[in-house]
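Notes follow once the structure below has been shown.
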C-alpha cells in the first residue's frame, strides 16, 4: 500500500472517507491546509474526512540536532515531501492548461470557418448588387447617365419598345467598306506565298517551346487567343475575367487588363493605334487604349447586348468592328467613337450567336449559332444571304481563309470546310469521339495551313476542293485537362499559341537550334 501522493510506503498511513485513497498523514495534512481539497479527485476535503490506519510501527530514533546525520536525513525528508507536493500540483496545472488550449484552438477554428462563410456571402451579395445595378433601368432624370462608355446626349432618341435608335451605317461608311474590299481583292490576285513562311517539314518538327502561367489558379482556363504580329504580343482571355497581354519574345506579362465581372470570351487586337478589344460573359465589350508606358486604359464600355458577348471581330479597315451575342443580335461599331451604328436582329432566328468572323475582304460576315447553323451576312445591307447547316451542337469557331474561297467552322461534331463560291460543304473532319467537341479552328495568314483544337491540336496543309487536306502534325494537349480551347498561328506560322482549361499559355514551334538552321 503506497501513498497516493509520494508513491512510497507511508510511515503514518491515513485513508480518505470520500475517495478511499491512502496517504502519508503529514503530506495530506499539508495539502489540505494549502488547498482544502483532495489532491487526486479535486473534491473538497477536511481533516475530519481523514481516518488513521493502525499498523505495526518501527521504533524511530529520537530527534537530533541538524548537525547529526539523522537530523540531516529528517531535513532531506521534509524537502523531498515538499518537492513531491509541488510536482504533483504542477502536473495538475499542466493537465488543466492542455485542456484549455485544446478548447481555445477549437473555438479559433470554428471562428475562421464562420468568417470565411461570411466573406463568401458578402462577395455573392456584392456581385448580385452589381448585376442588379447594371440591369436596373435608368430614371428619367438621369440625363447624364453613361452610355457606351461616355455620357449620353440629351437628344438620344429611343425607338419603339424603348430600344435605342442607332445612327445606322451611312453611305460614306458603305463607300469606305466597298473601297477597302476592292483594294484587298485586287491585292489578293497578285499575292504569293511569302518566302519566310514556315515550310511543312518545319511544322512536322514542332514541339512545345514554353509554358506560361498567365491567369489565376482559383479560376483556371483560357477561352480565347489573339496575336499582334507586328509586335509579337499574344493576348489571352481567361475565365478569371482578366485579359492578359504577353510578350512572346521577352517572355514577360506586359499588362493584365481587369474590369470585366465574368469570364472574357473573346480578345482582338486592332492593327493600328495600339487598340485592344475584349468581350465578356458580363454582356459588355471594352475598348482599351495603349499608352506610352505600356499600360492599357479602358476607353469605352459598350453595353448594347442583353446576353453574353461571345465573339468580337475587327473589320479590315481597322475602323470598325462587330460583336456577336447570345441575345441573337450582332452589333456594328465605329471604333474611334465607340458608337453602335447598327444592331442586327433577324426576326426569323432566335438562336444566339456563339462565334463570328469577317471575311478578309470585309463585305461578308460569318456567324455561328448555338443551334449549329452558320449564317452568312452582307455587311452593307445587313441581310442574311446564306445559311450553312450540317453541324451538331453550337458552332464554336469560324475562320475564313486568306484566299477568300474557303470557310472553316468548328462544332461538337468536328470541323467542316465550305466553298463560298458554290455555298456548299466539300470536306468534313470528324476528329474526336462524340463526347469531345472541337473548340477552335484557325487559318494562318497565308492560307497555307489550318489548325484545329479539341482534345489535342492538329495542323493540316490546305489543299483544294478536290485535293486532300493532309494532317502535318498532331500536338498533344499538355495541360492535363484534355481540352485545348483555342489556337492561333504566329507570324509566318513560325509558332502556334495554344490555350487550354488550365491557366497556362503554351507556345509550340521549332527548338532554337533547329529554328536558326531553318533560317
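Quick reminder: no glycine exception, Cβ is built from N, Cα and C everywhere.
Residues or ranges marked as domain 'U-box' by TrEMBL: 1-70.
If you look up TrEMBL, you'll see 140-165 marked as region 'Disordered'.
The repeat 'WD' annotation in TrEMBL covers 257-289 (among others). Note on the repeat 'WD' (257-289): its mean pLDDT in the predicted model is 91.
According to TrEMBL, the feature repeat 'WD' maps to 302-343 (among others). With a threshold of 8 Å between CB atoms, the same-chain residues lying at least 6 positions outside the repeat 'WD' (302-343) that come near it are 134, 147-150, 164, 166-169, 173, 176-177, 180, 184, 262, 265-273, 275, 277-287, 349-358, 360-362, 365, 367, 370, 377, 379, 382.
Among the features that TrEMBL reports, repeat 'WD' is placed at 354-387 (among others). Panel annotation: around the repeat 'WD' (354-387), residues 169, 174, 177-178, 180-181, 184-185, 188, 310-317, 322-324, 326, 330, 332, 342, 344, 346, 393-402, 404, 407, 409, 411, 418, 420, 423 of the same chain, lying at least six beyond its termini, place a Cβ under 8 Å from a Cβ of the stretch.
Sequence annotations record features per position, and here TrEMBL assigns repeat 'WD' to 388-428 (among others).
In the repeat 'WD' (388-428), helix, strand and coil residues by DSSP number 0 helix, 22 strand, 19 coil.
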